[in-house]
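To start, the structure itself, in structure tokens.
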Amino acid sequence: MFKGSYYEKVLDEEESFKPTTTPSSPSEQHEDVDSTSSEENNILPPMISSPMEKKENITVDRMETKACSKACCSSSSSSKAGCSEEEEQHEHSAVNSTHKHSKRGTKSKLMYGKKKIKISQLQHLTKQHDEHHHEEETTSETTNICEKSSSSNCCSYGSCSKEKQKEPNNAIVSDCCSSGSCSKKSNVPVEKKSTCTSGCCQSVSTSTESRTELKLDNLLPNHKSLHLTVRNLHCADCANMVEGVLIKKNGILNARVNSMTDSAHVVYDELIIQETLIVKSIQDLGFPTSVSLLKNISNSDQETLTTMFEFKQELQTHKVDELVKSIEKGDGIIHTAYDTSSCLLQVAYNPDITGTRDIKKMIETIDSSHMFTIMSGSKANEITDQNNKNEIKIWRRNLIVSFILSIPVIFTAFIFPMIKPVDEFLKKEFLQGLNSYILIGFIFSTPIQFYFGRPLYMSAYRALRYAKKPNMDTLVMLSTTTAYVYSLVSTIIAMFVETYKAEAFFETSALLLTFIILGRFLEILAKGQTSSILTSILKLRCTKAFLIFRGNYERITCQTELVNNSHAVEEEEIDTDLVQRGDILKCLPGSKIPTDGVVFYGTTSIDESMISGESIPVNKDVGDFVYGSTINQFGTIYIRVTKTSSENTLSSIDKLIHESQNAKVPIQRIADNVSAVFVPVIIGISLLAFIIWISLCYAGVLETDLHPITFALQFSLAILVISCPCAISLAAPTAVMVGIAKGVEYGVLFKNGAVIEMCHKVNTVIFDKTGTLTNGKPVVTDVLLFEGDDLKQFKAIIGSAELGSEHVIGKAISTHVEKEGIAIEQPVDYQAVPGKGLKCTVYGKQVIAGNCTWMKDNSIEISETQQEQILTLENQGKTIVHVAIDGSLHGIVALSDTLKVESKRVIDELKKKNVEIWVVSGDNQVTTRYIANQLGIENVMANVLPAYKREKVLELQQGKTSNGKKRVVAMIGDGINDSPSLAQADVGFAIGCGSDIALETADIILVKSDLRDVLVALDLSRTTFRRIKLNFLWAFLYNAVGIPLSAGAFYPILGIAIPPAIAGLSEIFSSIPVILFSLLLKFYKPKIY
């Protein structure tokens, strides 16, 4: 059990049970007419993170009601009511948890301050909550209440993607007042398939399934997330069994088990159940289990990282208390806990204040007598690899020994009977009813049956006892035990009954188990090959770093200390797991960059091919971002660490890959449904076959040299052995695992397996224009002055006005002005409206800049002559920024963006695949049509405000393609304003160098920002899904042919029957081909490259 001070808080008032509401973080507004893109060149933001790391979406039957508190949509009173209603549900959840805990009679105690409070006392403290709450009706939907207010400006602008700093507590809502759709909420995952069903007043967001998702906002401080390593999960059926047992446990909110990664993730309420009981529940099923990570689920805005320290031996209780209390006195330490069962110390901390190196020093200072290691991601993979090797070693040993023991059985059963002298000698009875054939079979089959078959016996027993259902091992042990016991009983009867002739077939159980062990060994080998694909990415990581510091490990803060080569500067080689944020690291030519950071001093070129796929080195100067594990080509550089080894880009991709394995492909439900009834049905068929054949024998319909029971039993046993649910269970997960790993190789990150199934159905693709089809780096081509004659002053004004903009258009203008050497200054009273423009004061003059609509909104007149000049530039595909000064249009700035070199080819390839293509842009119709015509795109949606893009996606989803098929829509974008539409689309693609929010919302991330990877993703998903169908076809055909053959369906006609011993090869001919079919995906090569 973890001991720590997470609950060492004085519960002085009932408010302690209320969860902390996370304020919405403001997002950036942009002024121009199109979506935004990041200006970082060739940089994949280190935001690509594990879904479970950023937002724990845990599926449970829990409901929530949220109220929009923004001034534009509801009054303060309604907002307050909404908040209290949400808090009440959290309070009820906490009280209900304690009630359940009390009913179970658990005597657990929690630490609050310096006194222990029992659960019964905890209930008493929360009793007042129950008196103030009434019974509430709950729904299975998340309801967002939006009431239009006269003071709202989001309804008129059609956007609310930004919150002012002085209003941090206001919820961010969409422009449902004008568009009828709710597009985006800050810090809240955008629900797919969500529509505003009640105009501007109400938006009901329903899930694609009949269940809702429990997000971080629903979780209480007593809810914990537990990551486990679970060994010996041979197939998805084993994982489903473990999941089923865990879900039934009171206090477990969610459980996901993955047989391919040998892992489990459990979210539970520690007031009701402890992690030791969870681990024991899995171990009782026969699966060795250990804790790999346990963390508290918090709603706090504070960024938290967690490090696990594994001690070589168990610590005494007083040492644990001393260690925990001492560590928590350190700066930046948030939570400390020690697991007595696994000797793991877990420390949660603020990475901007402290880090693993400081914590390690604290532990060594407190207790230097105990050895420990840091459990990093790579260390966990090493343990997993070692566990796989040990498992392979065990099964190899079992196979070799059982095969040696089977050799005499094989000779006596199949070879000696063909040699007449030997056969006559072995048939002689030296005791009544007992000859050498029977004795040899008994001697050599017994150890195989009960020693090497023991793991299978235990698996079958535990499945029946704890999971309350039979499994694959149940069929094997039922058949082998029946054969062995029947042979033994038959021999004993013959020894005492002179007229009875023994009919023993010990060779059946011996050979059967040997073949099963062979199949299991080959399956584990193949599975290990498949799993190694996932762990291979962390093998690329850099393991050592050169830390640069002043005496006493003081950090260097000034470049001059490095330039002057001060003697006070010291250097030490450390493990990358000990690197902390803010450290200065030295990177030598030819070495790997230790972790993500920015260049602090020096220049170089870096090979980023492992991240971007581009073989050309990228030049780096001071201030440029560098990726961990990329290769420094030439110069020596010093970098300042921004991400530790556990959170850098490489680790984030690794986490994303592993998390993607947890979501099942929808088609996997077929396998789950079949596996759930497979074993009982097979047992039933086996019994039915036995009854039919023995009845036919005794009825005289069939003549056989064997005893009727023996004859019928062989068919029955063959059915039990040849049936294989594992092949069905492995069909989807193995292909998905290899497919996802192959996607990583080509820079395509699938968030989960379900995306692969949906992606292969895509028949409509929507491209955002700026930053997606184009390079997203417009340049100023024309500056026209309509009033006045001082062009330089005009440029200074517009350059200053755009200095406050984060949009690519604004940045391009301000950069252009600065390059001309014109002085600019920060604007005053800056206000930006996404999709329209900006308004500010520069040099005492009011400046309004933006598109034509923005001019009309501000009553700025545009003469016919001016309009003609503007139209001329627009016909050339240029974007126009109108600039009004003190109420009149003084001039315009024209910008042009270039198409990506691969855009045309990608569009042509999609057309060949009969994919319907659309381009959507906030730019004007002329400019958007000009770009579309260059690419041959017929369908254009222009003048679309950012908040309306989602609505356009929804409109397409509700329609049909030109050939009458239901549209499956893919949206490809890169900006913040694309995130609602990416979430709404059936498949959302995020360009790798785009915004963080877009990367979080998308289903597929294109790391290299290469549009050709859209084709790779679509083609790879189709190939993977075809492989899944092939696997299912093989698994079902194998059972469809094998079961009737083993049942003797063709015996009366052709005399064909499968001996039970030969049926033992079933695993070789069922599961192994499925795994091999999936492994063939490793040779996949996209046609586009």
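Placed from the backbone N, Cα and C atoms, the Cβ positions cover glycine too.
Look at TrEMBL and you will find 98-109 tagged as compositional bias 'Basic residues'. TrEMBL lists 224-290 with the feature domain 'HMA'. According to TrEMBL, the region 'Disordered' annotation covers 1-58, 77-109. Positions annotated as transmembrane segment by TrEMBL: 399-419, 434-453, 474-497, 509-526, 677-701, 713-741, 1032-1054, 1060-1081.
The stretch from 399-419, 677-701, 1060-1081 that makes the most Cβ contacts under 8 Å with the transmembrane segment (474-497) is 677-701. Per-class residue totals from DSSP over the domain 'HMA' (224-290), listed helix then strand then coil: 21 helix, 23 strand, 23 coil.
Against the transmembrane segment (434-453), the recorded stretches 399-419, 509-526, 677-701 differ in Cβ pairs under 8 Å, and the greatest number is found for 399-419. Confidence over the domain 'HMA' (224-290), given as mean pLDDT on the 0 to 100 scale, stands at 85.
Same-chain neighbours of the transmembrane segment (399-419): 426, 436-437, 440-441, 444-445, 447-448, 452, 505-507, 510-511, 513-514, 517-518, 521, counting only residues six or more beyond its ends whose CB sits under 8 Å from a CB of the stretch.
Long-range neighbours of the transmembrane segment (677-701) within the same chain, counting only residues 6 or more positions beyond its ends whose Cβ lies under 8 Å from a Cβ of the stretch, are 469-472, 474-475, 478, 708-709, 711-713, 715-717, 719-720, 723, 725, 728, 1043, 1047-1048.
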